[in-house]
């Protein structure tokens, strides 16, 4: 809760007996109430999203098509209703962003092409080493690989594969909608943009029931005896850390581009790639060029992170406009 103090609270403070400035756009809600409303709203969203995974009781594993279809239904319902939580938050806090709700949540056409392409390119640069490793181990050459990837039959098989739809479409879209597009506008006026980037993933990883949104895999792995207890918990802890870092990254992209499409595409790409197989690269026959690719990818990513997310490439930033209306000074994330 320390993140709710400092500059974040000053964004919503009321200055003594003087009349409240119009730019603050608040209708009388105190800073403490505004922050509690924001936190409780985000908590409700996280609990609803993760809870929707457990509405259906089944003895089948999570990768069974029947289980995936049921979870699709409940998760899509919760995600579709999540903007109502943002509307309720706006009414309870009295905060009037001055822009439409969908624009605030990253649904806008202005600047959509760079917002779709540049964050994905940046993420692919980060995965340069794993992409090289994948190409080296791939049994097809580039021409045959592209032919297979673009074949209508291949896409038809993907669209009927429940696990592919979950990992590449439903999970990226619904998680980014709920945990970035809905939560960040509610958290940012309270905590500020910087703390909101790191606070947002915690709702996905810590606040939700059943330990965490990803630790529910632990229960199923233990139930179906998919490894030793120690290895299962170590894997889950590692996965949680990776998820938290990735959540902060997509929150950064959402703020810097003002669009939802970039985080969704990057999320889908990372789900496809999985965690980089560094250990396998160390034992690979072509270890040296692969390790150079890993190092080069990380270096280029750090070098290009700011230029490729330059706000001027994406027109106005809705969250920055929101903070401007609360009387907050612009941060480095907005310029």
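Every residue, even glycine, has its Cβ placed from backbone N, Cα and C.
Please treat TrEMBL annotations as automatic predictions, because they have not gone through curation.
According to TrEMBL, the features are:
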| type | residues | note |
| --- | --- | --- |
| TRANSMEM | 112-132 | transmembrane segment |
| DOMAIN | 164-273 | domain 'CAAX prenyl protease 2/Lysostaphin resistance protein A-like' |
| TRANSMEM | 232-255 | transmembrane segment |
| TRANSMEM | 261-282 | transmembrane segment |
| TRANSMEM | 289-308 | transmembrane segment |
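If you look at the transmembrane segment (289-308), the same-chain residues 6 or more away from its ends with a CB under 8 A from one of its CBs are 118-119, 121-122, 125-133, 136, 276, 278, 281-282.
Beyond its flanks by at least six residues, the transmembrane segment (112-132) meets 253, 257-259, 261-263, 265-266, 269-270, 273, 276-277, 281, 289-291, 293-298, 300-301, 304-305, 308-309, 313-314 of its own chain at Cβ-Cβ distances under 8 Å.
Averaged across the domain 'CAAX prenyl protease 2/Lysostaphin resistance protein A-like' (164-273), the predicted model reaches a pLDDT of 80.
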